[in-house]
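Participant: Sharing a structure here in structure tokens format.
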Amino acid sequence: MNPQAKLISISSLLLGTTITISSSHWMMAWTGLEINTLAILPLISNPHHPRAIEAATKYFLVQAAASTLLLFSSTTNALFTGQWDITQLTHPTSCLLLTTAISIKLGLVPFHFWFPEVLQGSSLMTSLLLTTAMKFPPITLLLMASPSLNFTLLTTMAIASAALGGWMGLNQTQIRKILAFSSISHLGWMTIIIIYNPKLTLITFYLYCMMTAATLLTLKTTKILKLSTMMTAWTKIPSLSATLMLALLSLAGLPPLTGFLPKWLIIQELTKQEMTPTATIIALLSLLGLFFYLRLAYCATITLPPNSSNYMKQWRTNKPVNTLTATLTTMTVTLLPFSPMILSML
């Protein structure tokens with residue numbers, strides 16, 4: 001891709017995100033989301049492959065529909081209440097429309113259908129943007145409007161997302177699709193607590209972004225796209241394969257890794273709110289995700305390549321590991337002891 005075009009796209013992404021997260025007026029928030037959508041399209045369609053063009057088209061159509069619903073929701077609220085402020089969303093129809101619009105933008109169940117397909121058609125770096133940076137503006141809007149939203153609807157969607165994200169990831173062989181269903185599952189965890197403790201939702205989102213970034217940057221360095229290549233990639237950079245296993249187990253939420261912290265805090269908060277059955281259900285559903293993360297970790301490090309002439313050992317590369325990848329992976333593995341400091345921010 002042309003460096004100038006890439007610079008314009010990245011700058012527009014930063015501009016759109018900044019406008020949305022700093023606005024208190026619905027029209028400005030909508031403008032920021034539109035800038036974001038238009039800025040990411042060239043990055044998705046960059047390889048000029050039919051799959052990438054298909055992914056960009058799907059992304060554009062879905063995001064356009066979600067933006068239309070969001071605009072309709074805010075206009076309806078302004079018509080009945082005279083308020084354009086994001087925190088003053090009080091009309092029931094507007095609240096329902098907004099929940100639908102943000103769910104489509106994030107990829108929450110039952111509006112998840114587009115996300116795995118778009119991720120599969122994108123490069124690893126574009127997938128990193130789609131799973132982290134592009135989720136930030138909609139999460140912020142959901143956070144600001146959360147006091148007005150329907151609690152039962154959000155809880156139902158959150159549990160469905162955690163269930164489907166784990167269930168659909170079980171039979172996947174493509175790494176990007178597995179990470180897409182992992183994202184849907186994590187969004188369920190973030191949504192279930194948003195009404196009770198919005199700050200906890202943000203901390204969960206930040207930690208999820210960090211763990212996903214570490215995983216995707218490692219996959220980019222080792223050029224892994226599916227399970228079959230993951231099994232033979234350990235000969236390239238053995239140290240990275242070992243840290244990839246730890247990053248995947250952290251995403252699964254196993255103690256004593258960083259990923260355990262948000263799950264522990266969310267279950268604790270749900271129990272405090274006397275929602276023990278909900279906490280039990282979502283904790284059990286995380287076992288589905290644990291299964292496919294363990295399968296990935298097993299393929300990354302424990303499985304030796306078959307001693308067959310069909311498979312060749314890959315040459316070990318002397319390419320130095322990126323400092324950003326090393327820093328993110330270290331944080332993905334070692335942040336749990338710092339939980340008192342993170343808790344003090346709540």
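Backbone N, Cα and C define each Cβ position, glycine as well.
I grabbed these lines from TrEMBL:
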- 7-28: transmembrane segment (TRANSMEM)
- 23-287: domain 'NADH:quinone oxidoreductase/Mrp antiporter transmembrane' (DOMAIN)
- 60-82: transmembrane segment (TRANSMEM)
- 94-115: transmembrane segment (TRANSMEM)
- 139-166: transmembrane segment (TRANSMEM)
- 178-196: transmembrane segment (TRANSMEM)
- 202-219: transmembrane segment (TRANSMEM)
- 240-261: transmembrane segment (TRANSMEM)
- 281-300: transmembrane segment (TRANSMEM)
- 290-343: domain 'NADH dehydrogenase subunit 2 C-terminal' (DOMAIN)
- 321-343: transmembrane segment (TRANSMEM)
Participant: Could you check whether the transmembrane segment (240-261) and the transmembrane segment (60-82) come into contact, where contact means at least 3 Cβ pairs under 8 Å with the two residues of each pair 6 or more apart in sequence?
Facilitator: no
Participant: Given the transmembrane segment (7-28), which of the listed stretches 60-82, 139-166, 178-196, 281-300 has the most Cβ pairs that are under 8 Å apart from it?
Facilitator: 60-82
Participant: Taking 60-82, 139-166, 178-196, 281-300, 321-343 as candidates, which has the most Cβ pairs under 8 Å with the transmembrane segment (202-219)?
Facilitator: 321-343
